[in-house]
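K.L.:
Following this message is one structure expressed as structure tokens.
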Amino acid sequence: MKNQITGALSDFFFEYETPRQVLVRNRRVGVVCRLIQLGVLVYIIGWVFIYEKGYQSTDTAVSSVFTKMKGVGYTNNSGGERVWDVADYVFPSQGDSSFVVMTNYIMTEGQSMGTCPELPGKHNCNTDADCEGGSFKRTGNGEMTGVCVNRTKTCEVLAWCPVEDDRDVPDPPLLLSAENYTLFIKNSVTFPAFGVSRSNLVEDVDSNYISSCLYHPLSAPLCPIFKLGDIIKLSGLNFQTVAKVGGAIGIVVDWTCNFDVHVKHCKPEYTFHGLYGSKEGSSVGYNFRFARHYMEDKIQKRTLLKVFGIRFDIIVQSLARKFDIIPTLTAIGSGVGIFGVATVVCDLVLLYLLPKREFYKNMKFKYTDTQVQDPDSEAGSTETDASKK
């Protein structure tokens, strides 16, 4: 027993096994093998290394966006002149990455809490029995009092009166001047894995440049100041159509950087996408209501605005790459493993498809029927007890 264990350990530590190889001289099989290997080589070099850049590690950025609007609008609605500045037409006013610029509105002034008739079509009636007191209608403006107003043939409601009439949207939009407003975007990104921080105010963008530049995709692609009319146009929408009923625009700030070169080449690219506002449908555009409350003769009143505006969503997308030995070795190792496909395919052709497949089987595999084997026997031969006698 001791000798068997010692022999096994000796064989394990002091013997080396290598697979048996057979050199097959066959043109068809050789061509198939080289074509497969060539395809694998093209895949590794072309797809893995050049297109997918498998020799680099990647990281995405942590980003922050700050915005600022500039511009003044003027309206003269029913003889009432008014100037609109940034504090009036931007919601919210904190400079977020998502905000709304008002381009049209319906204003209901002097509302106070009381009773008044609903708008025609909201809840029509002929008698008081048609108006259930204390109930609400989802599309109504308040709580029904149980009274049918004969003058309008609508139910009386407890609400902010007079109720808003939003059936007619101003056309053309009241704030067409919004087309000339400007938007300033300040974006900072950090790639934690590489310890690199960048801003869209890159080396070529200084205070003198910002004071005079206006974004253009060809002549000024790095300028962080954008004209709203240009943004709408570059997104594929019509400004007057979107300004009337509102819409949404996506501004994408793309940081695709290669840190194998100097970081100064890591610069943002801006693209613009119309998200909605150009197609006809049951719900077109974008709007919301906003109220300004005040006191008049000790009575609380409000001015209600139904705001039609363009919503801007600034989206930062990023991908940075840099050479890393680990993904490089992983890509090379996987590529070398794929080379084994050529061997598998060629073996299948040799052993199962070619006319001389039995001959190739005898050349590739060595069979034995007993424990006794002649080490000098030729490939493909078998040795039996009967042959030894």
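Glycine too: its Cβ is placed from the backbone N, Cα and C atoms.
Those TrEMBL annotations? Automatic predictions, nothing curated.
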K.L.:
Quick test of reading the record: TrEMBL lists a disulfide for C125. Which of C148, C161 is on the other end?
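P.N.:
Disulfide pairing in TrEMBL: C125 with C148.
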K.L.:
C116 pairs with which of C33, C155, C161 in a disulfide, per TrEMBL?
P.N.:
C161
K.L.:
Name the residue among the recorded positions M69, C116, C148, C213, C257 whose Cβ has the smallest number of other Cβ atoms within 10 Å.
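P.N.:
Comparing Cβ neighbours within 10 Å for the recorded positions M69, C116, C148, C213, C257, C213 has the fewest.
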K.L.:
Could you tell me which of these disulfide-bonded residues, C131, C266, has the fewest other Cβ atoms within 10 Å of its Cβ?
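P.N.:
If we count Cβ atoms within 10 Å for the disulfide-bonded residues C131, C266, the smallest count is at C266.
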K.L.:
Taking the Cβ of C161 (disulfide bond) as reference, which residues of that chain separated by at least 6 in sequence fall under 8 Å from it?
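P.N.:
Looking at Cβ-Cβ distances below 8 Å from C161 (disulfide bond), excluding near sequence neighbours, one finds Q111, S112, M113, G114, T115, C116.
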K.L.:
Between the Cα atoms of F288 (ATP binding site) and C213 (disulfide bond), find the distance and write it as a whole number of Å.
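P.N.:
The Cα atom of F288 (ATP binding site) is 33 Å away from the Cα atom of C213 (disulfide bond).
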K.L.:
I'd like to know which of the disulfide-bonded residues C125, C155 has the most other Cβ atoms within 10 Å of its Cβ.
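P.N.:
The largest 10 Å Cβ neighbour count belongs to C155.
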K.L.:
Per 10 Å Cβ neighbour count, which of the binding-site residues R289, K306 ranks highest?
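P.N.:
Compared across R289, K306, the most Cβ atoms within 10 Å surround K306.
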K.L.:
Distance check, please: Cα of N287 (ATP binding site) against Cα of N180 (N-linked glycosylation site), rounded to an integer number of angstrom.
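P.N.:
Given the Cα positions, N287 (ATP binding site) is 21 Å from N180 (N-linked glycosylation site).
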